[in-house]
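Participant: One structure, as structure tokens, below. Some questions next.
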């Protein structure tokens with residue numbers, strides 16, 4: 001099916017929001033201009049809505065295989081489509097881990113059969129993510145690994161991390177890291193700060209993250225490797241990354257919507273839906289994340305979509321697993337709490353969720369360019385809705401944002417020229 005989207009707005013190559021039509025033919029973007037006419041195309045009048053590149057998320061957890069009670073590739077990618085995401089990168093903390101040919105081939109087969117959006121799987125750095133034996137990077141790259149990570153756990157052995165970075169550099173691949181120094185975690189369930197002290201909980205100190213990042217940055221410099229830091233959460237981490245970039249080290253970084261919108265002061269009680277890793281930090285950390293995003297220290301926004309069951313989250317804040325869902329709330333949360341409040345511009349938000357992650361990892365995505373795959377998201381910037389977890393397409397309903405009123409909701413997502421998800425009657 002060919003589509004002609006009429007009367008929309010988009011961000012042009014100069015970074016300005018302007019009026020446009022957009023023609024999709026044979027699964028690709030055929031033309032982006034005003035006043036397009038075309039035969040043999042279904043005309044969809046978007047009536048002033050934003051026509052954005054499909055959103056790109058480099059940090060997601062789809063749980064399959066092994067964790068299908070939390071999420072499946074089918075439910076997770078449908079939730080991604082509802083959130084406007086057309087390309088997502090799936091972390092390897094599944095069971096089994098994609099750490100060898102057999103496991104990666106099985107994962108790719110599942111993706112091919114079930115995914116509603118483009119899914120790029122990470123390959124594990126170490127076998128079973130155990131930190132002691134390196135995987136066969138060459139084979140995993142051949143089978144389509146997006147990059148290498150042991151996300152969920154930090155690689156504790158510096159010699160292992162250095163060897164991994166050297167091998168990845170030879171393959172022109174990135175090493176991506178969840179950064180925690182295990183000897184400093186302190187069996188924590190929240191940030192070590194006012195909230196942990198008030199509730200008598202073990203806290204995870206900020207330095208647990210920043211010291212690990214500092215170590216890895218020096219290793220990346222020695223290996224001449226692209227090193228990407230997951231979900232930055234502390235002021236110290238931002239400072240270390242900023243200094244590394246100024247020194248010319250190949251380091252990039254991401255931040256989550258929840259760390260941009262919340263800090264520990266916003267946690268109302270010992271509610272497990274506010275438990276994520278890294279935890280919500282202090283006000284100074286939150287301010288540093290915003291500053292880092294604006295000055296280019298932090299390159300992109302990624303959701304760290306981490307679904308869990310209601311039963312798992314009901315165990316209490318100390319025993320419940322870390323993580324919140326992110327796909328279906330990301331854009332409206334960021335638009336309402338950052339753009340509408342003047343913290344960043346709409347143009348910047350689009351870039352942080354599209355071209356910045358795509359360019360960082362060399363993906364042909366994130367821009368509405370003629371000839372590229374038609375991965376597109378239509379967003380109604382005026383529509384206001386209350387976040388209701390019962391309506392999530394993800395199996396995971398674990399969110400701290402239930403009841404929040406937000407504007408800027410995706411209403412249609414197109415992947416490869418096909419409608420992957422559409423809000424009922426949204427464009428009529």
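Think of each number as a place in line: the chain as shown, counted from 1.
Backbone N, Cα and C define each Cβ position, glycine as well.
Sharing the feature lines straight out of Swiss-Prot:
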type	residues	note
BINDING	59, 61, 151, 304	Zn(2+) 1 binding site
BINDING	61, 62, 63, 93, 277, 308, 322, 323	substrate binding site
BINDING	151, 178, 231	Zn(2+) 2 binding site
ACT_SITE	304	active site
Participant: Whose Cβ lies within 8 Å of the mean position of the Cβ atoms of 151, 178, 231, the Zn(2+) 2 site, other than those residues?
Facilitator: 59, 91, 149, 152, 176, 177, 179, 230, 277, 304
Participant: Can you tell me how far the Cα of residue 231 (Zn(2+) 2 binding site) sits from the Cα of residue 322 (substrate binding site), in Å?
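Facilitator: That separation, Cα to Cα, works out to 13 Å.
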Participant: Which secondary structure state does DSSP assign to residue 59 (Zn(2+) 1 binding site), in the simple three-class scheme?
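Facilitator: Its secondary structure by DSSP: strand.
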Participant: Write down the Cα-Cα distance for residue 93 (substrate binding site) and residue 59 (Zn(2+) 1 binding site), rounded and given in Å.
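Facilitator: Residue 59 (Zn(2+) 1 binding site) and residue 93 (substrate binding site) have their Cα atoms 12 Å apart.
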Participant: Run through the Cβ atoms and count how many others sit within 10 Å of the one on residue 178 (Zn(2+) 2 binding site).
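Facilitator: Summing over all protein chains shown, residue 178 (Zn(2+) 2 binding site) has 22 other Cβ atoms within 10 Å.
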Participant: For the substrate binding residues given in the record (61, 62, 63, 93, 277, 308, 322, 323), what is the largest pairwise C-alpha separation in angstrom?
Facilitator: 17
Participant: Let's check the environment of residue 277 (substrate binding site): how many other CB atoms sit within 10 Å of its CB?
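Facilitator: So the Cβ neighbour count for residue 277 (substrate binding site) comes to 20.
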Participant: Checking the contact step here: among the binding-site residues 93, 178, 277, 322, which have a Cα within 10 Å of the Cα of residue 61 (Zn(2+) 1 binding site)?
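Facilitator: Those near residue 61 (Zn(2+) 1 binding site) - Cα within 10 Å - are 93, in sequence order.
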Participant: Name the residues of the same chain, 6+ apart in sequence, whose Cβ is under 8 Å from the Cβ of residue 323 (substrate binding site)?
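Facilitator: Looking at Cβ-Cβ distances below 8 Å from residue 323 (substrate binding site), excluding near sequence neighbours, one finds 61, 275, 276, 277, 304, 306, 307, 308, 398.
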Participant: Where residue 151 (Zn(2+) 1 binding site) and residue 178 (Zn(2+) 2 binding site) are concerned, what is their Cα separation in Å, rounded?
Facilitator: 5
Participant: Please give me the CB contact count at 10 A for residue 231 (Zn(2+) 2 binding site), counting all chains in the structure.
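Facilitator: The answer is 22.
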Participant: Tell me the Cα distance separating residue 93 (substrate binding site) from residue 178 (Zn(2+) 2 binding site), rounded to the nearest angstrom.
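Facilitator: Given the Cα positions, residue 178 (Zn(2+) 2 binding site) is 12 Å from residue 93 (substrate binding site).
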Participant: Which one is it: of the binding-site residues 151, 304, which Cβ has the fewest other Cβ atoms within 10 Å in this structure?
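Facilitator: Ranked by other Cβ atoms within 10 Å, the binding-site residues 151, 304 bottom out at 151.
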